[in-house]
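J.: Structure provided below as structure tokens; questions to follow.
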Amino acid sequence: MFKILKQVGDYAKDAAQAAKYIGQGLSVTFDHMRRRPVTVQYPYEKLIPSERFRGRIHFEFDKCIACEVCVRVCPINLPVVDWEFDKSIKKKTLKHYSIDFGVCIFCGNCVEYCPTNCLSMTEEYELATYDRHELNYDNVALGRLPYKVTQDPMVTPLRELAYLPQGVIDPHDLPQGSQRAGEHPEDILERLQAEKQQETADQ
């Protein structure tokens, strides 16, 4: 009799322990189910880089004085500055400037120490190419302004992983209505069109 009761008690204990383990596993599953999706459907969705994102370097040819400070502060002496001395004005004249982004580590030293602010970091990160030599940007390619993600009506910009409310480090607990801090591209276009029509009507 006592043996049967002991077996029943052990069975109940094992069943309770199994239910506990199942509950722990399901709690993790349900926790992930209530979270918002973190998968980015690239290239139809793109993350908006943060304000201090260090992307492709933008170069302004007219501001450069060929001082070569960027070359001296670069850990790998990467920028190629081609200049000649103009005896008539007794100054250096810049002829060519290039940076190989296949080697660049995007440390930002050149931007920080440039005395004329002719270098700046952009939010452009799509530098993939089939030929590594195409990553060697000359002054013309470096002078091209980047195309912002927020200006592309065919792409949905995802802001929640770049811009979060103060004190929030986990985007999963935000309300469902705050998935995007900004507007959808189609809403932006409609708003701009409405503002343009309003300005036309006021005139």
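Keep in mind that glycine also has a Cβ here, set from the backbone N, Cα and C atoms.
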J.: If I go by Swiss-Prot, which of Cys74, Cys118 binds [4Fe-4S] cluster 2 at the same site as Cys104, Cys107, Cys110?
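T.: When Swiss-Prot describes the [4Fe-4S] cluster 2 site, the candidate it includes is Cys74.
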J.: When a 10 Å sphere is centred on the Cβ of Cys110 ([4Fe-4S] cluster 2 binding site), how many other Cβ atoms does it contain?
T.: 23
J.: Taking 8 Å from the centroid of the Cβ atoms of Cys74, Cys104, Cys107, Cys110 as the cut-off, which other residues in that chain fall inside it around the [4Fe-4S] cluster 2 site?
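T.: Output for this site, in sequence order: Ile57, Cys70, Val73, Pro75, Ile76, Leu78, Pro79, Ile99, Ile105, Phe106, Gly108, Asn109.
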J.: Out of the binding-site residues listed (Cys64, Cys67, Cys70), which are within 10 Å of Cys110 ([4Fe-4S] cluster 2 binding site), Cα to Cα?
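T.: Within 10 Å of Cys110 ([4Fe-4S] cluster 2 binding site): Cys70.
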J.: If one looks at the chain holding Cys114 ([4Fe-4S] cluster 1 binding site), which residues at least 6 apart in sequence have a CB under 8 angstroms from its CB?
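T.: Spatial neighbours, sequence-distant, of Cys114 ([4Fe-4S] cluster 1 binding site): Val69, Cys70.
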J.: Closest of the binding-site residues to Cys67 ([4Fe-4S] cluster 1 binding site), Cα to Cα, picking from Cys74, Cys104, Cys107?
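T.: Closest candidate to Cys67 ([4Fe-4S] cluster 1 binding site), judged by Cα separation, is Cys74.
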J.: Looking only at the domain '4Fe-4S ferredoxin-type 2' (95-124), report the model's average pLDDT.
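T.: The answer is 94, the mean pLDDT of the model over that range.
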